[in-house]
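J.: Here's the feature list from TrEMBL:
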type     : residues  : note
TRANSMEM : B:14-37   : transmembrane segment
TRANSMEM : B:43-61   : transmembrane segment
TRANSMEM : B:68-88   : transmembrane segment
TRANSMEM : B:94-118  : transmembrane segment
TRANSMEM : B:125-145 : transmembrane segment
TRANSMEM : B:165-188 : transmembrane segment
TRANSMEM : B:209-234 : transmembrane segment
TRANSMEM : B:246-264 : transmembrane segment
TRANSMEM : B:271-291 : transmembrane segment
TRANSMEM : B:297-315 : transmembrane segment
Amino acid sequence: MNASMEIDTIRPPAARPAPDALLSLAGVAKTYGSTRAAQAIDLDVATGEVVGLVGANGAGKSTLMRIVCGVTEPDTGTMAFGGRPVDLVAFSPRAARDAGIRIVWQELSLSPNLSVAENFYVEQPQFARLSPLWLADYHRLARDSIERIFPGARIPTSRLVADLTLAERQMVEIARAASDPRLKLLILDEPTSSLGAERSAQLRQFVREQAGKGVAVVFISHKLAEVLDISDRVVAMRNGRLVWQKPAGETSIGDLVEAMGGAEAGDRSTRPALDAAKAGRPVRVRLSGDLVSTGGPIELRAGEIVGLAGLEGSGQRNLLQRLFAKPRPGEVERDGEVRYVSGDRQGEGVFPLWSVLENIGIGRVARLAALTPVKAADQRPLAASLAKRLALDESRFDAGILDLSGGNQQKVLVARALTDEAEIILLDDPTRGVDIAAKRDFYRLVRETAAAGRLVIWHSTEDLEFLECDRVLVFARGEIVAELGGDAISEDRIVAASFQQPAAGRTAQAAKRAGAIGPFLLRAIPFLSLILVFAAMSWMNPLVASSFGIELLLAPAVTLVLIALAQMFVVGGSEIDLGIGSFTGLVNVISATLLVTSPLLGFAALLAGLAGYCLIAVLIHARAIPAIVVTLGASFIWAGFGQTLQPSPGGSSPQWLTALFTWSIPGIPTPLALILIAAAAAFLIDRSPAGTVLRAFGSSPLALKRGGWSPLRYGVMRYAIACLFAMAAGLYVTAANNASDINAGGSFTLLGIAAVVIGGCQLLGGFIAPLGVVAGAVTLSLIGALLASLGVSTNYNAAVQGALLIVILGLQAALVARGRRHG
Amino acid sequence: MADRALAFARTNRWIWPALGILLLWAILTAITARFSLHSLSGVAISASFLLLPALGQMLVVTTGKGNIDLSIPSMVTLSAYLTVMTSTGSTAGFLLTLAIVLAATALVGMLNALLVLVLRIPAMIATLAMGYILATATLIVNAQIGMFAKPALLGFLSTGRIAGLPMMCVIAVIATGAAGLLLARTAYGRKLFAVGQSAEAARLAGIPVARVIASTFVASAMLSGLSGLLLAGYAGGAFLEMGTPYLLQSVGAVVLGGTLIAGGNATALGTLLGGMLLVMIVTTMQIAGLPPGAQDILQGVVIIAVLSVAGTRIGRR
């Protein structure tokens, strides 16, 4: 099926022996399923050389660079670096880093929940000192590195990356990679996609300086003028092969476009110009208002192929999504049914568990009433007729969808969109990573579809594909800034229009700043509510504010503080532990029974509990099982052990344990001191180097893995920390109550989660705040006391706590959604 | 031959719990005289009560994204209380009770869906919190509960026999068949599986994703409610810890039955057999005289072990 056509083209010069080559690849190939992402690649990069690497999307540039960085292991081929052969099996991201290979990823790999300085640490841990002030070095490193490359950027290094603009993030990303003193090879993958002209010029200046110092640079970009400006030599890739290379001085943008594979698209001569308006075809889509800055509304008619062009992320996808949503009067109006074909096949196209036939059939089934009978066989005739038109092999209908090549998967998605007679077909960059043969089939199919009277709206990131269109709408900063038709469609014009600045470009920026109040409010909630609740209680009963009153009130809060902190570290990894409450109960039982009668056995049991927690972490990470279900199962194991050890409440606290929690400093209530100690411990762990990495895993596990950090080791560390906090909670309960009750622990699970949420943490994304969690936990346990003093039955406690949790989470969701809309 | 058997087992994952049941039964019969066909019938009745919430849990889990319904135990208990409180003893009164239970649980299911879909609270947290609120409601009505005038029809449904077969088992088999047909043979089943595999792909294919997910929470709540109603009839009343076992066991039945915990595929027959296996394990331990604690431990271990062996990866990637 995947008869990828052999392209006769200028072959790259055979790998010549290059004694001064820093990086040398020979015969490198990598296949994913039936997609050949890289094949027979020979490439040398010399010390101090700047190589421009160009190619269409999916040409294999990123795969090749992943191989060089040790992220992807090639199927065949050899690699040498610095004159020494590299063992590609043992080659890892960390080994690449140690060798001096650094990459700036196209999809930015910063952790949004870390500050700029902390992001520098995650990338360059070797400078960390053993000191509470270790991060100061990284503030300096970050500031210096950013200013060295981008003078005047002035990015505050203590700010969270999530609060930076896209351009600022890109600058941080570049500076972070380039700050490595061991740097020998710097790979920049689309480094200027979000940068303005001035910053881009600064970066190129920096690249030239580095090259002068002997650093080799690979510069990957779609901005061909920049590539020609910066490179010594330009290399073009197409369909996983290196097809062309030349010194930058001897070539032009036109050459590059041709080398990248432009010639395949745009077979315009065979296509008669179509004047849909004159043909009197019905209007299917009408665009107007602020969206259109070309003057007057734009009407799209049946039978047209309309391209959506512009720099990536300028509003093309947004328009497709608005067209796909329910039609309503406004800027974007449509008349007729729509179908959507995405080029992100893995993310929003295929259903991986299903066969090809099922993947096609769902297009019709999606619109049937719920109880309509559906049989697989019913789909076959219709799918078969579609398959014929799409040049899709009918004999593979029963194969799993993932067994097909990218191009064939895309055909399946198109077939799905064509199963019924929808009037409008939306294409979202459908040929991404598709081989040439499949692309040609695809272009033919689009023409046929339009000829059959449908309106095709086609967003592409490959400008050459617009030559297939009747009309092209060019986007810039979310607006349509140009409309090209017929012979006026050319790559030059599209590119020129893409860089136009619509007048209203600034408003988005201003709105973003206004939205920043949300996160601040979230962080302040726990402290404000703590003050509020405490004030209310002292107003009702002045004794509360006395040292004795505080001692009495805070004693029950200590447990919840410890449990909430334990849960917080798990939430920091975007997971949740449903077993923490029961585990606390188990530790309570062990310490009130075994630890009294036979201390040795007691300690062994506690250690076994810790080992159990670590085992859970291993299972979750090694087998990719959801933490909820595993910890739910574990909660029953903990409770079961506790039940077996001591079926009904009882036991007593070992004397040393009581002593451990009942010392006192004159003037400070003991529970307050304990809470402060717990808060300090959690804060220090969270802000330590290891805690920073733990948080980073919560938001960007893939980037961390690429950076050479072990997910398993940190997963185990995360659960071990949580376990130790929960253990402290269990021991405290024993000391405070001088007894144990296995059933008392369970309810703490929900309370702990509630405290974490009230404390300003987000359940996903690794945003955690130790001090907020402590305040949240204290507030929650005070609310219990407050309700009691108001005469509310304790029966209501659970409901109040559950409702509070829901309200705060809802508030959080609303604020985050607002922030996202503005950002 | 072995290859074909293996391929069959891969596409029909309910075969594993079935084998487990046979194996456990064989062992029990061999080593103990006390385990008889009669014990098996007791297991089947217990498993039938578990089946309804387990089917609901299965639907929720199948929507993927780590969705799970932790409010099931509180829902079962609250429904049992509602049944006891509203029953008058007459058949017409029973129909009213049924309507009240179904309406109340449907409402709670919709609230769950609202929290998950509109407020975007993770399902596990939303349903856990909802469970606590329901538990409080139960606690409050617990003080006012009076005599249970059990309607005859409810008695027949929960404890009666038809042609020697316990009515509950008949209900369970019918429910399994209906759920199986729904999943395998209707547009709803296809849509549900699509949503569970990739919500984004499903949305772009034109499936009303939110409506599908909401329907599973409502179904889960109503099935739990039904189970609570029947359980009240079986036990002749309601008590506070009534639904507690269904928290872990509903998840356990789904996992043991071979439904994908990551979503996108489910088997009703597997859930029936998985629940049966789980109940059988518990019964075995009771016969062996193990304390309740040990039963909890083993259930937890079995679920984690099955998950670890089966894994959750979708496809080959």
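Quick reminder: no glycine exception, Cβ is built from N, Cα and C everywhere.
Set these features in their place in the structure for me.
T.: For the transmembrane segment (B:43-61), the residues of the chain that approach it from at least six positions outside its boundaries are 67-69, 72, 75-76, 123, 166, 168-169, 171-172, 175-176, 179, 192, 215-217, 219-224, 226-227, 230-231, 234, 245-246, 249-251, 253-254, 257, 259, 261, 263, 266, 268, 271-272, 274-276, 278-280, 283, judged by C-beta separation under 8 angstroms.
Note on the transmembrane segment (B:94-118): residues 67, 69, 71, 75, 78-79, 82-83, 86-87, 126-127, 129-130, 134, 151, 153-154, 210, 213-214, 217-222, 224-226, 228-229 of its chain, located 6 or more positions outside it, place their CB under 8 angstroms from a CB of the stretch.
Residues 41, 44-45, 47-49, 51-52, 55, 58-59, 156-159, 212, 215, 223, 230, 234, 266-269, 271-272 of the same chain lie 6 or more positions beyond the ends of the transmembrane segment (B:165-188) yet place their CB under 8 Å from a CB of it.
Sequence-remote contacts of a segment are chain residues at least 6 beyond its ends whose Cβ falls under 8 Å from one of its Cβ atoms, and for the transmembrane segment (B:246-264) they are 13-14, 16-17, 20, 50-51, 53-54, 56-58, 61-65, 67-70, 72-73, 76, 193-198, 224, 227, 270-275, 277-279, 296, 299-300, 302-303, 306-307, 310, 312-314.
Through the fold, the transmembrane segment (B:271-291) approaches residues 14, 17-18, 20-21, 24-25, 28, 32, 34-35, 39, 42-44, 46-47, 50-51, 54-55, 58, 172-173, 176, 179, 249, 252-259, 298-299, 302 of its own chain, all at least 6 residues removed from its boundaries and within a Cβ separation under 8 Å.
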